Amino acid sequence: MEYRYSTVVDPSTYETHGLCDGIPLRCHESPELEEIETLRCQEDWRRWVGPLGFYKGGLGPRWNFMAITVPECLPERLGVLGYANELAFLHDDVTDVADYGDLHNDDLKAAFEQAASTGHIEGSASGKRAIQAHIANEMMSIHKQHAITTLEAWAKFAELGSGRQHTTHFKTEDEYIKYRMIDIGTMFWYGMVTFGMGISIPEHELEMCHRLADTAYLNLGLTNDLYSWQKEYETAVAMDRDYVANIIGVIMEERNISEAEAKEVCREKIKKTIVDFRKIVDDTKARDDVSLDTKRYLEGLLYSLSGNLVWSIDCPRYHPWSSYNERQLDWMKNGIPKSPPKVNGNATANGNGVHHAPKESLANGTLNGHDRIHAPAVNGNGASHTSSIKGSTGGNGVTHSPVSNGSAVVNSALSMEIDTDLVNVFARKEYKSINGFKMHEGDNHPSNGQTKLNGNVTSWKVPGDVQTKVIQAPYDYISSLPSKGVRDHAIDALNVWCRVPAAKLDLIKLITNMLHNTSLMLDDLEDGSHLRRGRSSTHTIFGAGQTVNAANYHVIRALEEVQKFGDAESIVIFIEELKSLYVGQSLDLYWTNNAICPSVDEYFQMVENKTGGLFRLFGRLMSLHSSHPVKADLTGFLNQFGRYFQTRDDYQNLTSPEYTKQKGFCEDLDEGKFSLPLIHLMHSAPSNLVVRNIWTQRLVNNKASPAHKQTILELMKENGSLQFTMDALDVLHAKVEKSISDLEARFGVENFQLRLILEMLRKA
C-alpha cells in the first residue's frame with residue numbers, strides 16, 4: 001500500500017508495553033485537522049445538548065485518536081471523522097450512565113439510517129440529531145456513496161453494539177468476547193476506515209473481509225478493555241453497579257484471580273491477536289482472488305491496532321494524570337482557528353481523484369481579532385471553567401452561549417433545556433435537579449384529523465361517514481404513493497430556526513401535504529401524465545371528474561385546517577400563496593397548449609409561483625407562528641430554493657434513469673413542457689427546423705415519439721442546453737447556500753439539517 005499522508009514514528013519515542021510487536025506506529029501529517037473538529041464537536045455538544053463536566057475524548061498530549069488509528073486518512077476527511085469519533089466517545093459515555101441507554105442507541109440508529117436513505121434526519125431541532133445532521137452533511141459533501149456506506153455501517157453498530165449490554169453481568173470469557181466483538185464496533189471501525197481512506201469493499205467480498213478482520217476487531221476490544229478498565233470501574237461504582245462489562249472483570253470472576261493477574265491474561269490474548277493478524281494480512285497480500293480495496297482495508301486495520309494501543313496508553317480519557325498539549329490548551333482557552341489549515345495547497349483529492357476546495361469551517365463560537373472561535377475554556381483535567389465569553393456575536397453574526405462554571409448556559413433563542421441523561425456521570429451529580437428535554441421534539445403531539453408516518457403528516461383521517469369515502473378515495477390513493485417527503489423534511493429543517501410549537505407544526509405539515517397532493521392530482525390530469533412515482537396517475541384510475549372534484553374538496557379541507565390557527569393572517573397567507581400556485585400553473589399550461597416558448601426570466605417567474613408558492617406557504621406560516629425571538633423573512637430563501645428545486649427537476653426529468661423509471665423517458669417532452677433546457681435550445685437554435693417541426697408534431701399528436709424525444713435530447717447536448725442547465729444549477733445552488741448562511745447569522749444557529757437536504761439534492 002502506498003503511504004501518502006502519514007509517516008512512521010520513531011519507536012524509541014513511544015511505549016507499547018510489548019503488546020504490538022512488528023507493527024510500526026504511523027501518524028497523520030496534519031493532526032491539527034482532527035484537533036479542530038474534535039474541539040468543535042465538544043463545543044456543539046455544550047451548546048446543543050448540555051455540559052460535559054469532566055469528559056475527555058479523542059485528544060491526547062502527543063497522539064490524537066484518528067491521526068494514529070487511521071493514519072492514511074484522506075486529509076479532507078480527517079476533520080469530519082474526528083468530529084464523528086468525538087460524538088462516538090460522547091455517546092459511549094452516555095450509554096455507560098444513561099438510565100435508558102437502548103433508547104439513545106435506537107435514536108442514534110434511526111438518525112443515521114434516515115441520513116443514509118433520505119438525506120434527512122427527523123427531529124433535527126434536538127441537540128444530538130443536529131450534530132448527527134452536521135456529520136452526515138459534511139460526509140455527503142465529500143463523497144456521497146462512501147458516506148452512505150459509512151452511515152449505514154454506523155446505524156448497524158448502534159443497532160447491535162454501542163453499549164447495549166453494558167448492564168449485562170457476563171459470566172464467561174467466551175460469552176463476553178462474543179459480545180465485545182460486536183460492541184467494539186466492527187461496523188463502526190469499518191465505517192471509519194473505509195470512509196477515511198476512500199475504500200469501497202466489493203459487495204461479494206464484504207463477509208470475507210469482516211471474517212479476515214475478526215482478529216483485529218478482537219484486538220481493538222481487548223486493548224480498549226485493558227486501558228479503560230479503571231475508568232469503567234469508577235463509572236460502575238458511581239452508578240452503584242457491582243459488576244463491570246469489561247474483560248478484566250469477567251476474567252477475575254471466572255478464574256477467581258486478582259486484577260493484576262486478569263490484566264496479564266488479557267495482555268497475552270492481545271499479543272496473540274497481533275501475531276495472528278499480521279499473518280492474516282501477509283497471507284491476504286499474496287492472494288490474487290482478493291480485491292485491492294479489501295487488502296488496503298486490512299492493512300489499514302493493522303495500523304489501527306498500533307495506533308489504538310499507543311493512544312490508549314497515555315490518553316487523558318483513560319488516565320487522569322495525562323493532560324493536553326500546549327496547542328490544545330491554547331485552543332481550548334482562546335478559541336480554535338476560524339478555518340482549518342489548507343490541505344495540499346488549494347485543493348484536495350479523494351481516492352477517486354475528485355478534488356475538493358478547502359471548506360471554511362462552521363463557526364461554532366465567537367470570533368476574536370485573531371480569527372479564533374471561542375470554545376469554553378478548559379482546565380488541565382478537561383473541566384470547563386469560567387470564561388469571558390458573554391454570548392456576543394462574532395464576525396459571521398452567529399450568537400453563542402456564555403459558559404460559566406462548567407455548564408453551558410443554553411441560548412434562550414433555542415429554547416432547549418439540558419438533558420441530564422446525556423451528561424457525563426460525574427457531571428450528572430451536579431445537575432441532578434435540572435429537567436431534561438424530550439428526545440424528539442414534537443413527539444406525542446398528534447393533531448386531530450391526521451395520520452403520521454415516520455414523523456411526517458401524510459393524510460387527513462376521514463370521518464366514519466360513508467358519504468365521504470367516494471370523494472376521499474382519489475386523495476387517499478395519491479397520498480399512498482411513495483414519496484421522498486422533501487417538503488416535510490424542509491419544514492423540520494426550518495424549525496431549527498423557527499421553533500414552531502409541535503401542534504402548530506403538525507398542522508402546517510398537514511396543510512402543506514394536502515395542497516401538494518391536490519396539486520399533483522390536478523397537474524397530472526392537466527398535463528396528460530399517466531405515471532406518478534412509478535404508478536398510475538390518479539385520473540387514469542378515478543376519471544377526470546372525480547379527480548377534479550376530490551382535489552377541490554381537499555383545497556377546502558386545507559382551508560378548514562388553516563382556520564384552526566385562530567388568526568386572520570394565516571388565512572391571508574393561505575389565500576395569497578394558493579392564488580400563486582394557480583397563476584403559475586396557468587402560465588405553464590398556456591405556453592404548453594399554444595407552443596409558445598417563454599424567456600428564461602418568464603420561466604423563473606412561473607416557477608416562483610407554481611413551485612415556490614407551496615414553499616412560501618409553509619415558510620410564511622412558520623414565520624408567523626415562530627416562538628423564536630428573532631424574526632426573519634424567509635421568502636427570499638424559499639424563492640431561491642423553489643427555483644433550484646424546479647430546475648433540478650427539469651434536468652433530472654431528461655437525464656435521470658430513476659426519473660425514467662418513475663415517470664417515463666423524457667416525460668416533460670411528452671407533455672410539451674417548456675423546461676429550462678428546452679427553452680435554452682429554442683432560443684439558441686431559433687432557425688433549427690428539426691426542433692420546430694418535432695414540436696409541431698407533438699402538438700398535433702399530443703405526445704412525442706421515443707425517436708423524436710431522443711432527437712431533441714441529442715440536440716440539447718449538441719447546443720449546450722444541458723450544460724447551460726447544469727451551470728444554472730450551480731449558480732442557484734450557490735445562491736441558496738448564501739441565503740442559508742445569511743439566515744444562520746440572523747438566527748444565530750447553524751442549520752445542519754437544511755444544508756444536508758441541499759447537499760442530497762445536489763448529489764442525487
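For all residues, glycine too, the Cβ spot is worked out from N, Cα and C.
Bear in mind that the values here come from a model prediction, so they are computed numbers and not experimental data.
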Swiss-Prot lists motif 'DDXXD 1' for one of the ranges 92-96, 352-356, 667-671; which is that range?
92-96
Between the ranges 224-232, 341-349, 458-466, 719-727, Swiss-Prot assigns motif 'NSE/DTE' to 224-232
Specify the nearest of the binding-site residues Asp92, Asp523, Asp527 to Lys610 (dimethylallyl diphosphate binding site), where nearness means the distance between Cα atoms.
Asp523
Of the binding-site residues Asp92, Asp523, Asp527, within 10 Å of Lys673 (dimethylallyl diphosphate binding site) (CA to CA), in sequence order, we find Asp527
Spatially, and counting Cα to Cα, which of the binding-site residues is closest to Thr611 (dimethylallyl diphosphate binding site)? Options: Asp92, Asp523, Asp527.
Asp523
In whole Å, how far is Asn653 (dimethylallyl diphosphate binding site) from Asp527 (Mg(2+) 4 binding site) when you measure between their Cα atoms?
15
Return only the integer: C-alpha distance in Å from Asp523 (Mg(2+) 4 binding site) to Asp92 (Mg(2+) 2 binding site).
50
Across all protein chains shown, the binding-site residues Arg532, Lys673 give the max Cβ-within-10 Å count at Arg532
Would you identify the secondary structure of Arg532 (dimethylallyl diphosphate binding site) according to DSSP, in three states?
strand
Here the Cα-Cα span from Asp92 (Mg(2+) 2 binding site) to Asn653 (dimethylallyl diphosphate binding site), rounded to a whole number of angstrom, reaches 45
